[in-house]
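Okay, so here's the structure we're looking at.
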Amino acid sequence: MTTPGTFEIHATDGAARTGCLHTAHGIVRTPIFMPVGTVGSVKAIAPDDLEAIGAEIILGNTYHLYLRPGDELVARRGGLHEFNAWRKPILTDSGGFQVFSLSGLRRIAEEGVEFRSHLDGSKHLFTPEKVVSIQRNLNSDIMMVLDECVPYGADRTYTEKSVGLTTRWAKRCRDAYPKGAAGNLLFGITQGGFFKDLRTRSIGALTDIDFDGFALGGLSVGEPKAEMMDLLYHSAPLLPADKPRYLMGVGTPLDIINGIAAGVDMFDCVLPTRNARNGTLYTSLGKLNIKRREFAEDDGPLDPACSCYTCRTFSRAYLRHLYTAKELLAFRLNSIHNLTYFLDLVRGARAAIAAGRFAEYKRSFEAIYPEEVVA
């Protein structure tokens, strides 16, 4: 078996690249989209559904799993793979973003971040060492360091101070889990807000720490699309070329295409499943709102170009009926389709890069989502 953490690049087309990342639970082909299973399950989707649509890796969240059911409970059951019956790779976020976004009361210090649970108000402390320990209990294939995700609009003084703290926390995470200690991989998270020089500084500082991969954090936090794209194309090429690059929490189909064009390998976002539960579905012709009356007697498939179970089996009329009747099956069928769309997107990107036609592939998505194109 190839050593976990081995990252091979198979083809390039401009900055876009295809490859594979070896983990303790199998190979992840890149570029890849990771369905989000925040509390250990991808909402409305069973593991066999994920297998059927070709998911290769899913994401879990340290903050949520620590609070409920508890990482030690999961560890006693053999780790998250045994607990949720997903046998392929799992990445766990450190929970830092949730601490800063969900916890109304929190205190940041050199030691870590103190916060109150959004469930019952109980007080907790996340240190770099603690989040590594939690993720070791979960036994995820890829663990993330504790970082501070500064909000959009934070001034330079605060952001510069935060970059220093995030760097020191990252070093403590690496010290708590030395490289090669076990089969779990540890990724660093670069920050820097919306200041290019601070982004460059953060990347340089974390590159000096020997992580198995590197993430771009703190994007898609409310900034204008043009600003996000500017920072993405500035930052991604600065990340080590021989390690996997991960754009956290992004995004729309065209965001992912732009990320791939910038040289990013890994993506996650709640958008496909959240929108599925709200009746917004992605198709080869763009977004479709299944709630619309025009679909009440439409016997055609949701997307004739899609081969997922939903599109092979059910009509738009039936899908609209399920949604308007508030049937739970609507969540599953819509989620199967949207996740298939996102996974087909990265599968298509891999093929386009290998064939040397990624620019053409990118233009095809710009034609589908013209409102998102940044000049």
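The chain as shown is numbered from 1 upward.
Backbone N, Cα and C atoms are what each Cβ position is placed from, and that goes for glycine too.
These come from Swiss-Prot:
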ACT_SITE  D93  active site, proton acceptor
ACT_SITE  D268  active site, nucleophile
BINDING   D93, S94, G95, G96, F97, D147, Q191, G218  substrate binding site
BINDING   C306, C308, C311, H337  Zn(2+) binding site
REGION    249-255  region 'RNA binding'
REGION    273-277  region 'RNA binding'
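Shown here: features listed in Swiss-Prot, placed on the structure.
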{"residue": "D93", "record": "active site, proton acceptor", "Cβ within 10 Å": "29"}
{"residue": "G95", "record": "substrate binding site", "Cβ within 10 Å": "25"}
{"residue": "G96", "record": "substrate binding site", "Cβ within 10 Å": "26"}
{"residue": "F97", "record": "substrate binding site", "Cβ within 10 Å": "21"}
{"residue": "D147", "record": "substrate binding site", "Cβ within 10 Å": "31"}
{"residue": "G218", "record": "substrate binding site", "Cβ within 10 Å": "29"}
{"residue": "D268", "record": "active site, nucleophile", "Cβ within 10 Å": "23"}
{"residue": "C306", "record": "Zn(2+) binding site", "Cβ within 10 Å": "19"}
{"residue": "C311", "record": "Zn(2+) binding site", "Cβ within 10 Å": "24"}
{"residue": "H337", "record": "Zn(2+) binding site", "Cβ within 10 Å": "27"}
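Counting residues of the region 'RNA binding' (249-255) by DSSP class, helix then strand then coil, yields 3 helix, 0 strand, 4 coil. Per Cα geometry, D268 is the residue among the recorded positions D268, C306, C308, C311, H337 nearest to S94 (substrate binding site).
Between the C-alpha atoms of C308 (Zn(2+) binding site) and the residue listed as 'active site, nucleophile', the distance comes to 20 Å.
Reduced to three states, the DSSP call for G218 (substrate binding site) is coil.
With D93, S94, G95, G96, F97, D147, Q191, G218 listed as the residues that bind substrate, the site has a largest C-alpha separation of 15 Å. On its own chain, Q191 (substrate binding site) has D147, E148, C149, V150, T159, S162, V163, T166, L198, R199, S202, G217, G218 as residues at least 6 apart in sequence with a Cβ closer than 8 Å to its own Cβ. In the three-state DSSP scheme, Q191 (substrate binding site) is classed as coil.
Of all Cβ atoms in the protein chains displayed, 27 besides its own lie within 10 Å of the Cβ of S94 (substrate binding site).
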